[in-house]
Amino acid sequence: MNKPAKNNSEIVEIFRHLIRDRLGLLGLIIVMLIIGSALFAPLIAPYDPVALNIPDRVQGPSFVHLLGTDQLGRDTFSRVIYGGRVALQVALPTIAGALFLGLVLGMIAGYGPKWLDNLILLFFDTVRSFPTVMFALAVVALVGPSLNTVIFVIMATSIPTYGRVVRTMTLSIKTSEFIMAERSLGASTFRIMSVHILPNVLGPLAVLAAMDIPTVVGLEAGLSFLGMGVKPPTPSWGSLLNDGYSLIRNTPWLIVAGGIPLILITLGFTFLGEALRDVVDPKLRGRGGAK
Amino acid sequence: MLSYILRRTGLALVITVLAVSLLFVIIHMIPGDPVSTMLGPKASPELRAALEERMGLNEPLLIQIGLFFANMLRGDLGIDVFSNRQVTDIVLGQVPYTLTLILTSIGWSAIIGIALGCYSAANRNSFGDRLTGVLSVSMIAVPAFVVSLYSLLFFAVTLKWFPAIGAGEPGDFGDQLWHLVLPSLAIGLSWVGYIARLVRASMLEIMGEGHVRTARAFGLPERWITYRYALRLAILPTVTVIGVGMGFLLSAAVFTEIVFSRPGLGKLVIDSITTRNYPVVMGSVLFSTLIFVASTTLADIINALLDPRLRSAR
């Protein structure tokens with residue numbers, strides 16, 4: 001049973017592995033660039049992302065506007081940089097929430113009595129039976145588009161993914177000898193779950209979460225593209241693509257500029273996630289990427 | 001086998017009932033209700049009451065759910081208040097478009113993905129295998145709606161090779177096929193890489209197993225072993241993934257239908273949301289959920305047919 005990184009030497013070991021793995025290193029660099037540019041957006045972006053400049057509208061790339069401008073003369077490059085903020089604003093709370101609830105439910109299902117396990121599994125299967133985007137649209141139709149709606153919907157539909165993985169791992173750890181020994185020594189259920197099962201589950205789960213970030217970002221962008229996510233004038237990669245779609249016969253630049261960060265973030269997290277997975281749990285190799 | 005099919009179908013029915021009930025409960029929990037959505041905030045109380053009664057919204061939640069199921073079993077999902085047509089008819093009219101798009105997409109990507117996966121597994125660590133590996137990850141990386149937009153931009157708007165809008169002339173098969181090329185490319189592309197990786201991994205796992213070694217020891221030709229024994233088992237995870245992936249496919253279809261202005265469930269939902277046509281939104285979501293549940297169930301049954309070991313499992 002592999003223990004997660006607890007001390008510095010293990011973290012150093014993970015980094016060493018990442019640097020040896022070229023694609024992993026590339027992934028790490030892309031991820032750092034995206035997170036860095038989102039964090040320091042006000043310093044990097046040359047213009048205010050929502051400032052209108054009608055005389056300069058629908059321009060191609062130039063030294064003044066690196067990626068051109070949109071139909072309202074807003075600087076596309078600045079909107080791409082600020083769009084990263086929106087993407088992470090949605091992805092981080094969504095994944096954290098789904099991870100937490102999936103962890104709790106999955107551990108209860110795996111460790112608890114059989115009837116509770118069946119009940120939770122049924123709940124997972126039920127939630128998973130909605131196609132995510134369709135479910136999101138049903139909710140948006142009622143409450144109207146907003147960031148919180150997007151976060152709620154994606155979180156709710158992601159819980160089963162984590163929950164099922166946690167359940168399977170808990171089931172296999174539960175029957176291992178060291179847990180039996182711990183139980184025979186009189187350890188409480190809470191102690192076994194928090195001290196022994198949780199640390200073993202966290203490593204692979206963190207990898208799964210890293211690989212899930214692009215899916216969530218893609219969903220947010222997709223809903224915003226449909227006009228069902230963030231509201232204008234907030235810059236999101238999806239709303240950039242929407243602007244580009246309506247101007248597709250005037251300028252190709254908005255679509256090109258809105259799509260590239262989405263491709264990059266997916267590549268970055270996928271490469272990084274795969275490299276991390278090889279370190280954390282070699283058994284998971286070949287489980288595939290973002291789906 | 002029959003008992004497995006019955007059990008699995010039973011579970012699917014339970015899940016469908018629960019899913020629809022869950023949808024009802026969520027709608028009741030969240031702020032906003034169908035009546036104000038449809039009539040707007042300034043509607044008079046009399047108008048609201050009339051519509052509430054017409055849609056059965058003044059009954060208690062449990063009765064509403066019960067009524068909904070009773071009507072659903074008769075194929076009645078309510079009446080579209082705008083056109084006075086049955087919601088079931090409106091939705092059913094769009095389902096074939098979406099299913100054609102999805103099946104074409106997954107069809108071409110499964111054929112190419114399985115072939116690539118077999119090639120990679122048979123020529124492990126060769127240049128071709130590595131190239132397939134990198135290409136696969138890159139293909140998985142691009143969200144379907146970005147591929148839709150990029151292919152619309154390059155192949156339809158710039159190069160004008162393919163049509164940009166619609167599903168083709170009704171009755172003209174060639175034209176319809178021509179209109180399917182870009183949308184199915186957009187949905188299928190990420191699946192090629194995904195299926196190739198999956199088939200490669202499971203082929204490699206199976207080629208190391210005892211029964212394959214035994215077959216080799218008996219001197220069976222390698223080609224026979226690869227395709228007759230290994231591939232049959234290696235396809236199992238692909239069947240499961242396609243079944244479960246129906247949710248992703250339906251979601252991807254929403255975007256692709258919007259980008260290419262194709263008729264279908266996704267376009268219907270978006271159009272109905274903009275016109276605040278709530279019953280049609282619910283009907284479309286319900287139908288897509290039914291398609292999804294049916295496809296996961298079917299995938300499990302096909303898996304059990306191909307691999308008898310699975311029949312006893314949950």
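Heads up, the Cβ atoms here are built off N, Cα and C, so glycines get one too.
What TrEMBL says about this one:
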TRANSMEM  B:12-30  transmembrane segment
DOMAIN    B:95-303  domain 'ABC transmembrane type-1'
TRANSMEM  B:97-122  transmembrane segment
TRANSMEM  B:134-157  transmembrane segment
TRANSMEM  B:177-196  transmembrane segment
TRANSMEM  B:233-260  transmembrane segment
TRANSMEM  B:280-306  transmembrane segment
Please report, as numbers and ranges, the same-chain residues at least 6 past the borders of the transmembrane segment (B:280-306) whose CB is under 8 Å from any CB of it.
1, 4-5, 8-9, 11-12, 15-16, 19-20, 23, 72, 77-78, 80, 87-88, 90-92, 94-95, 98-99, 232-233, 235-236, 239-240, 242-244, 246-247, 250, 265, 268-269, 272-273
Grab the same-chain neighbours of the transmembrane segment (B:177-196) for me: Cβ-Cβ under 8 Å, and only residues 6 or more beyond its ends, written as numbers and ranges.
100-102, 104-106, 108-110, 112-114, 116-117, 120, 132, 135-145, 147-148, 151-152, 155-156, 162-163, 166-168, 238, 241, 245, 249, 252-253, 256-257, 259-260, 262
Using Cβ atoms and a strict cutoff of less than 8 Å, what residues sit near the transmembrane segment (B:134-157) while being 6 or more residues removed from its termini?
116, 163-164, 182-183, 185-187, 189-190, 192-194, 196-197, 252, 255-256, 259-260
